[in-house]
C-alpha cells in the first residue's frame, strides 16, 4: 500500500467503527459484531473501498498482540503455574478431541486425510481476540468459566508451533523444510529471550522511568511489545505468545500498572481494526453460491465445539450454570485457521480442493459472527433460569415483598453494604453479572438477579419501580454513570447512592446530581490517618475532631472545584483553593486545641 492509501484506509476504518459500533450497541448485538459488519460493508465484497485485505489483516493482528501483553501483566508466574492443570489438561483435550471429530467430518466430505487433519486442527482453534473481548464484556474474568476459557486459549496459542511444524510433514516435504540446525538456533533464541527478559527488563524500565518523561516510557512499552512480536514472528512462532511471555515477566514489577495504562488505548483501537479486517475477509461470492453448504458447515462447527467444550467443563467440575458460557464463548473458529490454511495451501496440501478451502475459510469467519449472538442467547437462558420464580427451599428467609434497596454489583465493596443492610432486616435485591457469585449468594439467601444492570427491563424485573433506593457499586466508572442516567430517566423516584473510585468519579457524580456517594478509599484512609495522629501524641478527641474537620473541608473543596475538574488551564485555581482550605483547617484546629478534651484517652 502507498502512504496515501494507508491514510485513506485509516480514515475508512475510523469512519466504519464510529458509524457501525454505536448502532450495533443500540441494537443490542454488541460492539464485536458491529466491527465485523463494518468490515463487510467497506471490504471487497461490500462497497469495495478496500481491496488489500491480507496486508491489513496481518497488521491488525497487533490488536491481539497488545491484548495478550495486558493479559500477561495480569498473570504472575505463580498464578500461571496454578493454571497448569487446566492449560495442559482441558486445553490439550479440547484441541485433540475437536480436531479429531472435525477431521473425521472433513474426510466424509472427500478431503484427503492429510488436508482433513490440517483442517481439523485449524477449526479446533478459537479466536483469542473475540473470546477474550466477550469474556470481558460478560464479566467472566473472575469466574471459573472465564479462568478455564483463558487456559484453553493459552494452550491453543502454544499449539500453534507444533501445528505449523506438522504441515510439511503431512505434505511429504519434511526433509526440505526441517533443518535441525535452524530449529536448534530458534530454540536457543527463544530461551535467550526468556533469560534476557527475566533479568534485563526491570533495570531497563527503571532507567527509563528515572527520566521522568512519560512519553519515553510509553515509547519503550510500545518498543517492548512490537519488538517481542517481531522477534517471535522471525522465529516462526506466535506473535501473541511472545508478548504474553513479556507481560508475564513484568507482572510482578513495580511498573505493571503504568505499562497497562500506556498500552490500553492502542489495544482497543487495534482490536477493533482486527475485527473489521476479519469482516472484510468474508468472501460473499462463495456464500451466495454455496449458501446451504456454508450454513450447514457453520452449524456443525459450532455444535461440535460446544459439545466438546461442554463435556470437558462437566468433567472438570465447572458449575452447570457456567458450562454454557464457557462452551459458547469458545465455539467459533479462530484467526489461526487463516494462517494454517495459507501455509497448507502453499505446501499444496489443498491441491484440487481450492473451492473447499474457500468454503472452510468462509465458515470460520461466519462462526465468529455467530458467537456474540450465541452469547446473547446464553444470557437470556441464564436470566430465565436465575431471574425467574424461585423455589421456597432456595431462599430460606428472604420474603417475597418488593425490595427496599437494589444493590448493583456484589464485589468486595458491594458485599459490605449488602451484609450491613441484611443484618438490619432490610429487603434488598442484588444485580450481578458474575454467574459464580450469583450461585454463591443464592445459597446464603440473597435475592439475586443475573444480568447487565444497565438494561431497563432487568431493573424493572428486580423491582426498581417499587424500591426506595439503589446503591451502585460497579467496578467501571462508565457503567456507574450510565446507570445513574438510566435511573434518573426511568426511575426518578429512586434515591441514588454510588461508589466513586476517586475524585474524578466523585466530580462526575456531583455534576450528574448524585450527592450520596462514597469514595472508595477515602474513609478508610481518614481512619488510618486519625490513628496515626493518636500515635504521634494527639489526644484521641482532638484526632477525631481533626478527622471530621478534614472530611468536611475536603468535601467543600470537592464541590468548589466541580466546574474546573477537567480544565487543565485552571489547575492553579485548584491549588489556590486547596491552600485556602488548608488555612481554614489550621484556624479551626487551633480553636479546637483551646477547648477541653471531650472524652478520655482510650478508644
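Note that Cβ sites are derived from N, Cα and C of the backbone, with glycine treated the same way.
Of all ranges given (115-135, 388-408), Swiss-Prot attaches the label transmembrane segment to 115-135. Against the transmembrane segment (291-311), stretch 87-107 shows more Cβ pairs under 8 Å than any other of 4-24, 87-107, 207-227, 230-250. By number of Cβ pairs under 8 Å, the transmembrane segment (4-24) is matched best by 268-288 from the list 87-107, 268-288, 355-375. Between the transmembrane segment (230-250) and the stretches 29-49, 152-172, 268-288, 355-375, it is 152-172 that has the most C-beta pairs under 8 angstroms. Between the transmembrane segment (29-49) and the transmembrane segment (115-135), the number of CB pairs under 8 angstroms, six or more residues apart, is three or more, so the stretches are in contact.
With DSSP classes pooled into helix, strand and coil, the tally for the domain 'RCK N-terminal' (402-521) is 50 helix, 27 strand, 43 coil. Cβ atoms under 8 Å from those of the transmembrane segment (115-135) belong to residues 30-32, 63-64, 67-68, 71, 94-95, 98-104, 106-107, 141, 146, 149-150, 152-153, 156-157, 159, 163, 166-167, 170, 240, 271, 274-275, 301, 305, 329-337, 340-341, 344, 349-350, 353, 360, 363-364, 368, 371-372, 375 of the same chain, restricted to positions at least 6 beyond its ends.
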